Amino acid sequence: MARIGESVDLLKCSFCGKSQKQVRKLIAGPRVYICDECIELCNEIIEEELTEVTEADQTELPRPKQVYDHLQEYVIGQEPAKRSLAVAVYNHYKRIRAGVSGHTLSLAGAEGDEEAIEVAKSNILLVGPTGSGKTYLAQSLAKKLDVPFAVADATSLTEAGYVGEDVENILLKLIQAADFDLKKAEQGIIYIDEIDKISRKSENPSITRDVSGEGVQQALLKILEGTVASVPPQGGRKHPQQEFLHIDTTNVLFIVAGAFAGLEEIVQQRTGKKGIGFGAPIRDTADVDIAGQVQPEDLLKFGLIPEFIGRLPVVATLSKLSVADMVRILTEPRNALVKQYRKLFQLDGVELTFDPQALEAIAELALERGTGARGLRAILEDILMPVMFDLPGREDVAAVLVTEDAVAKLADPEIFTHEMIEAERRRHKSA
């Protein structure tokens, strides 16, 4: 019986459960005990977290020129938009860096006193036609900064309680992109496309509920500004025990984008460049360039609510791409489509080339379809599909040439065998 009594009175660590006989030291607190091993483990965890913060602080933050140069490698044209994005992103992460490293953002007063101020974040609105490079710009930014990146579509969002996706689902995508590392997610980038589709249906507030327009704008306000949001993991296997994941959006950069069809007319009416009445000249508004002319009142008239506009202080406009721009997109960027398909053909030991006229025809076709740069891959796939189907089964093919007729579907891409090339080489030698 004595042994039983002794075991009952034996003190144990409240954290690991080891008894005082199994550890070197047991420190007592108010109704709790902690052993030396648990203290050592706690110190290791704290040191590891401090090291991570220090390393993050010491990592060089890309300057606007470096961000711009990176975008130049991947995105053709849109110079003003690239400059605006580079500056906005640099200021955003400089603001975060100052907060993480414990720097005080202060403003010196007239009498030498310092008043601490809070620097608000600058979310970004991209305005540009379909296929002008809005999504690709955001993706390239995230790649340069090495931060989690999530893409969402505003058209699928509705107010909480209605059929559709809640705005919290956007945050869940970012958390998933960060592999459920909430600290990384809280410094990530969220890109929301088709933001113009959630404009309210009329300029005047309606008595009927607009659950996919103004209602979504209202729901987005808090996460755009910065709040601690509760996100349901929806069966996330890495956190099955948690009902909600809590993420602070204060340092999440939001880039929202849309085509804003019809905004050109609003800008023209404001600037007095659009005639009114039956005698006014008819002009295709799709050809009007509004770069650098968009003002908050234009967005308000389009259907965005004032509070939503106020949370998007940086507005960058993208121009419609020309045929020359499209040809450059096909050939110049690091991951240009022509380079990608040449690499695919090289893997089969075949050289792929394009006539200059063929490249122009592809660019014109993409513009005619109204799909912009994102339609280029579909056109190339359609042109090269017959060749790519037959190529793996043929060992005699040395080269493939895409001509203007091949783009127009008047002929297939020209195929040159090793024998044909050798015969041509001998003919040139004899000549």
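Note: Cβ is positioned from N, Cα and C throughout, glycine not excepted.
Computed from a predicted structure; not experimentally measured.
The Cβ of CYS13 (Zn(2+) binding site) has SER19, VAL23, LEU26, TYR33, ILE34, CYS35, GLU37, CYS38 as same-chain neighbours under 8 Å, each 6 or more residues away in sequence. Sequence annotations record features per position, and here Swiss-Prot assigns Zn(2+) binding site to CYS13, CYS16, CYS35, CYS38 based on sequence analysis.
Taken residue by residue with DSSP, GLY133 (ATP binding site) is part of neither helix nor strand, so it is coil. Residues annotated as ATP binding site in Swiss-Prot, with sequence analysis given as evidence: PRO129, THR130, GLY131, SER132, GLY133, LYS134, THR135, TYR136.
Annotated domain 'ClpX-type ZB' per Swiss-Prot: 1-54, in sequence order.
Neighbour counts of Cβ atoms within 10 Å were taken for the binding-site residues PRO129, GLY131, GLY133; the minimum is at PRO129.
In the three-state DSSP assignment, the secondary structure recorded for CYS38 (Zn(2+) binding site) is helix.
Between TYR136 (ATP binding site) and CYS16 (Zn(2+) binding site), the C-alpha separation comes to 50 Å. Applying an 8 A CB threshold to same-chain residues 6+ apart, the list for THR130 (ATP binding site) reads ALA259, GLY370, THR371, GLY372, ARG374. Surrounding the centroid of the Cβ atoms of PRO129, THR130, GLY131, SER132, GLY133, LYS134, THR135, TYR136, where the record places ATP, the chain contributes additional residues within 8 Å, namely GLY128, LEU318, GLY372, ALA373, ARG374.
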